[in-house]
Amino acid sequence: MRMFETRAREWILLVKLVLFTSIWQLASALGSMSSIAISYGEGGSVFCGLKSDGSHLVVCYGSNSAILYGTPGHLQFIGLTGGDGFMCGLLMLSHQPYCWGNSAFIQMGVPQPMTKGAEYLEVSAGDYHLCGLRKPIVGRRKNSNIISSSLVDCWGYNMTRNFVFDKQLHSLSAGSEFNCALSSKDKSVFCWGDENSSQVISLIPKEKKFQKIAAGGYHVCGILDGLESRVLCWGKSLEFEEEVTGTSTEEKILDLPPKEPLLAVVGGKFYACGIKRYDHSAVCWGFFVNRSTPAPTGIGFYDLAAGNYFTCGVLTGTSMSPVCWGLGFPASIPLAVSPGLCIDTPCPPGTHELSNQENSPCKFTGSHICLPCSTSCPPGMYQKSVCTERSDQVCVYNCSSCSSHDCSSNCSSSATSGGKEKGKFWSLQLPIATAEIGFALFLVAVVSITAALYIRYRLRNCRCSENDTRSSKDSAFTKDNGKIRPDLDELQKRRRARVFTYEELEKAADGFKEESIVGKGSFSCVYKGVLRDGTTVAVKRAIMSSDKQKNSNEFRTELDLLSRLNHAHLLSLLGYCEECGERLLVYEFMAHGSLHNHLHGKNKALKEQLDWVKRVTIAVQAARGIEYLHGYACPPVIHRDIKSSNILIDEEHNARVADFGLSLLGPVDSGSPLAELPAGTLGYLDPEYYRLHYLTTKSDVYSFGVLLLEILSGRKAIDMHYEEGNIVEWAVPLIKAGDINALLDPVLKHPSEIEALKRIVSVACKCVRMRGKDRPSMDKVTTALERALAQLMGNPSSEQPILPTEVVLGSSRMHKKSWRIGSKRSGSENTEFRGGSWITFPSVTSSQRRKSSASEGDVAEEEDEGRKQQEALRSLEEEIGPASPGQSLFLHHNF
């Protein structure tokens, strides 16, 4: 009986140890597992992390396209680790590693060979290898003493084998060519692998005990066990200065390890960083070059992750956004990531729950993130409350003996008991309170006067009779010195959007039932509805979300743009509704849905309906709509989300460009870039815009080029069922090799006029060039597509630059539906006049202007027609993949 009790106690201790080690990994070294990780190398650097919404899904940011496009957005991970050109994570369901990116030594996906049924506690990645710690194995010796051993599986360069160690290990951390871990029994360090370049194994301080360790490129740093929590480092990269820091002393920066106690530590290539225990700020030491940015001061971090030459950390607070420092990576990353791993077990001693009620990263009931407790206070402060399971310790200033400005200002702003202290407090605060009251009264007066003037203005406008509106001139244009100019006041009155009531639209859409849904987006649903007059419409309803500001901005953007723009191939806005917290937009109904449904839907017959003539016609019509936005709206409009699901098809198979929620007004000079954070859809997103945050009309040209490849091939922009998941990376090599037949959609027979499709392929390849300035403008793209369509339709005059309007625009497309609705409105219905329209041209004007003048695109087309196909394709030679940030040059020059 006692034997069974002894075994039960040992099993309970073992389970507790496993749970503790699974949540204690608070920082990601060069190859440790955490909720955030960094991949590096010549292909570009990438930061990845688990989303802050508690979904355990991965989000990435950086310049390595293989990792960005290969990110498995549908898989849930326990933790992440990164190496040279690849990223790996531990799957939540199978507890097996899964990798993506590009590595010559590790198989992407689940690494092979993989033992059937094997489950892992944690994984760690080095430069070219990956190791995983299996769940503990418990055995029995002959003398009946229970022993624990560890089984570690490794894959990659000189590491593909199974290791069995006669001790229980945890906290795996990988260097460039080696791996280390902590012994659960005596807290000593154990390492294995190649130590020729690092000497890490021979230099292990065997008599020392550690709380945690982190391996760098060629060194290891660990936090010593005990109250002091000092850091100790060993290895070759922190001893031989000449081999690391360059030849000139002016290029060297050597920082010694800190003396303060640390909470966490991470290792880079030739340096290390840690989180200070008393204020959670970051500190770094080791070898740097003078171009490296230092660690930020005055801010705290939940977690750190190190790459080769830079470090990123998750800020404390509610934003959970990462910031980076060092060399070769942006300082700010537009993501929100989890500062740790969500667990549903109580926090172990020495840790506390992350308190963030406003935006909790853990969505499951009873789950939380555990963080280490702070054990000391900064100088001049004392501990007011100790660390508990629910919150960290609280430190306050000792106001009786202030020796710093921060202490004085903090103490002066808080009221204390006693008459003397109160008098001192009011003597400091009375001038501030007086100024605040005076400013508040001034602000109230300004707001009151402004409100009174606004109400007076609206009342005066309401008194204007309807006869005054009817007495305006019939023409929206007047002559000025022989030049035609638009009358903006008249255009403002004619460009109007009908105001619907919510009750009216709810009845039209049959109560917004799920059966009425005809489309869904990230922030809205589209319902089919029938108005009282029998008109079929599409009602776009914003989804209730916590991010109300973003939904409101997209609603306002689309309403303002579509109420001002008018073109045959832009989706027409009929009206809107904004009441009771609901935001709805009413459009004309597109009977045939989106181009995406035709090309990629499950119904094969629907795909076959779009023969080559219809596909190219849709491409021409979409191009004319985008050309109108770029060249005939003033200021230009940049759509930012051109894709097949935003190209809608009406009952006559005419195309309309839709969804202007992400659109922006561009500069009058279309060549000038806008500094904007990337927004759009992966696969269609301009790489130059994604990396440099420079937005121009050429970003829409890139997206349209991807759309052309999608129309020609029938493949999705990103389809991970293929080895080359990105359509651009797949199609461009085929075009360069002249293998056009392999590019075309196999569902359709090749047309007799194959030269027309070769023209379109050439246009698409030019549109997806890496640099925006090398791409053609939309007017040149439209001209080339119109000629290709004329040739495809068997037009005997292949030199005709412009197709007849009825071919391109559609025979019955005259904007009658929207005006018919306006004419049936009663006097009691609300109509809001939108702001002044931009100066624009009728849609047919673009064709006439391009026909009347020989543009650069026309001259280029005429010259290309006399060349052979192989010469034309050879001229398209250029790299499509993202540019390397220059790590190889940095290594060669500095190390």
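Cβ coordinates come from backbone N, Cα and C, glycine included.
Taken from Swiss-Prot as is:
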SIGNAL    1-29  signal peptide
REPEAT    130-167  repeat '3'
REPEAT    301-339  repeat '7'
REPEAT    346-395  repeat 'TNFR-Cys'
ACT_SITE  D641  active site, proton acceptor
REGION    818-895  region 'Disordered'
COMPBIAS  865-877  compositional bias 'Basic and acidic residues'
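All chains included, 21 other C-beta atoms sit within 10 angstroms of the C-beta of D641 (active site, proton acceptor). Taken as a whole, the repeat '3' (130-167) shows an average pLDDT of 79 in this prediction. DSSP assigns D641 (active site, proton acceptor) to coil in the three-state reduction, placing it in neither a helix nor a strand.
The helix, strand and coil residue counts that DSSP assigns across the repeat '7' (301-339) are 0 helix, 19 strand, 20 coil.
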